Ligand code: UDP
Ligand code: MG
């Protein structure tokens, strides 16, 4: 009985002690308190905590301290009792500057890598043809604007080679064994743009072939680029264009011409439904290309509503202004 009474008293004493720290007097809390009391014994001998004996140090610091001393403090290699304690004022530096140094070095290295990667895409591929040797004029305008007609006259008078993207695509579509035949057929019928890789490759091959066969290095590229990605790709990998010759014509006039041409052309897209789709594609997809080059001051615009002779006279005059007498 007496033993249990004194046991109860000791228990109450413990409860009183622990409750001032605000934790419940459960056996597990009491065990934790005993462990903490044992931990407090450590810093009293360790110089780093001697200035603040009341505040319990975070356990993470307790774990770090011996490591920090072993690795970074100078003259601690022997680690013996004769090692003088570090000066009081420099303690926090000893603990943190190596970490700051590591973070700084790490960040510096990371930034270096990021900058180097940023530099990488700037090394653009060299175009296949140099614009100082090869002249490329893009010829743009809505379907039926008269691009083909005007190109034929420029070929006759100025010895340009005429490459029509539409003609090259139709030839590829009809080439036996072509893996793109069906894709091209579907795109043309729906007035859509064939994926640029196909058209750019056909144009580059045709340019190489023309130069090898005839030596001509002046090209009219008709009906191309009809989409921004084509324009950027071609100029990046094939050849930067000198300028864009843009034939401007009202839709009603272009429709009239196309329906007229459809009577004899045999083209799958010279019918009312395909023409409507081609107009849509021209306005939505191809006009942004014209605006892009206009913003760069590289567009020669000719009104192609009048009869072909008048349009050609205007074309010659404007090209002379842009390129000089001998273009
Ligand atoms: N086309 C294409 N990409 C081009 C040029 C033409 O996909 O770069 C396709 C498109 O479907 C277009 C068709 O070929 O509607 C006919 O083009 P073409 O230049 O022969 O038509 P035009 O403008 O002369 O009427
Ligand atoms: Mg054409």
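Here the Cβ of each residue, glycine as well, is placed from N, Cα and C on the backbone.
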Additional site residue, 213, 256, 278 [criterion: listed by TrEMBL with 170, 192, 193, 194, 223, 224, 225, 226, 230, 267 for ribonucleoside 5'-phosphate]: 278
Which range of 150-160, 238-248, 260-270 is region 'LID', per TrEMBL: 260-270
For the region 'NMPbind' (164-194), distant same-chain residues with Cβ under 8 A (at least six beyond the ends): 148, 151, 202-203, 206, 221-224, 226-227, 230, 268-269, 274-281, 285
Least Cβ-crowded entry, counting other Cβ within 10 Å, from the binding-site residues listed as 147, 170, 278: 170
Residue 225 (ribonucleoside 5'-phosphate binding site): secondary structure state under DSSP, collapsed to three categories: coil
Residues that sit under 8 angstroms from residue 193 (ribonucleoside 5'-phosphate binding site) by C-beta distance, when 6+ apart in the chain: 187, 226, 227, 230, 281, 285
